[in-house]
């Protein structure tokens, strides 16, 4: 009877967390719709200055609001230990966990809140409670789908070294696909990989389909097909990937200096103005610009080295670099 009562308490807590989640989402939507456009120039480039408690338009400089609420803590901390000691809350809400991180779990260590070991008499009961609590956290097919897909997203993002904002965006894209029932008839891994590819493009952290396919469990063809489907059905507005977005990562992989990177970006801007990048793969054009820049900057890299980092062939680099050098009147002494 005691176990049944405890399970009822756990279910009640779960319902309370769901209600709290709905309230948080409602408040977030309300906040997002208020003061999202500058009344002077109609720009959406608004910046929150938390030190001055001001909402400022980045385009025209208008101070839209000068008295918004500081949602941060009232205490100050100067290192990680102080922050952990003074914090009275748990981890922030995240879309990368199926329950958004709002639920709790019974720890696997058999110790109480004071750190004392649980007696052998109560360990069997604790084991049963832990088992049922795990089942309650993932109670239906949708949550099981999310739990598996989001863990797969996190695995792929970690393998690619993607930042937190890309992971959150990918999780939101996948959740939208689940809400619109776009998963039916498609593999979870394929949709997760497509969502990650879309998030990379949305956040201007480009990764090629080949790179995504390398860390996923599905083929490049399936990822591309699924990506086109969900982007069309969800109405994702994704601009074509610019070769400039690849330059920092490729230069970092080749250990080139900032001057070489800046020169490569300038070459690509001139090429874009003359429409030399349209209809060509962005990675190949970026690799060719870096190859030219490395020669001009006195940090020569071979075509093979650049090709390995960029994931293209040496033939592609030769064709693109000759074209750029000829059209932009760049004199290269090999």
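Even glycines carry a Cβ here, placed using N, Cα and C.
For 34-65, the entry in Swiss-Prot reads zinc finger, with the evidence type sequence analysis. Taken from Swiss-Prot, the feature Zn(2+) binding site applies to 38, 41, 57, 60, supported by sequence analysis. The repeat '1' annotation in Swiss-Prot covers 151-234. Here Swiss-Prot flags 245-326 as repeat '2'.
Shown on the structure are the features that Swiss-Prot records.
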{"residue": "38", "record": "Zn(2+) binding site", "CB count, 10 Å": "20"}
{"residue": "41", "record": "Zn(2+) binding site", "CB count, 10 Å": "12"}
{"residue": "57", "record": "Zn(2+) binding site", "CB count, 10 Å": "20"}
{"residue": "60", "record": "Zn(2+) binding site", "CB count, 10 Å": "12"}
In the same chain, which residue numbers or ranges, 6 or more beyond the ends of the zinc finger (34-65), come under 8 angstroms Cβ to Cβ?
72
In the repeat '1' (151-234), how many residues does DSSP assign to helix, to strand and to coil?
63 helix, 0 strand, 21 coil
Take the zinc finger (34-65) and count its residues per DSSP category (helix H/G/I, strand E/B, coil), listing them in that order.
0 helix, 11 strand, 21 coil
CB-centroid shell, 8 A cutoff, Zn(2+) site 38, 41, 57, 60, site residues removed:
39, 40, 42, 43, 45, 58, 59, 61, 62
Based on DSSP, tally up the residues of the repeat '2' (245-326) by helix, strand and coil.
61 helix, 0 strand, 21 coil
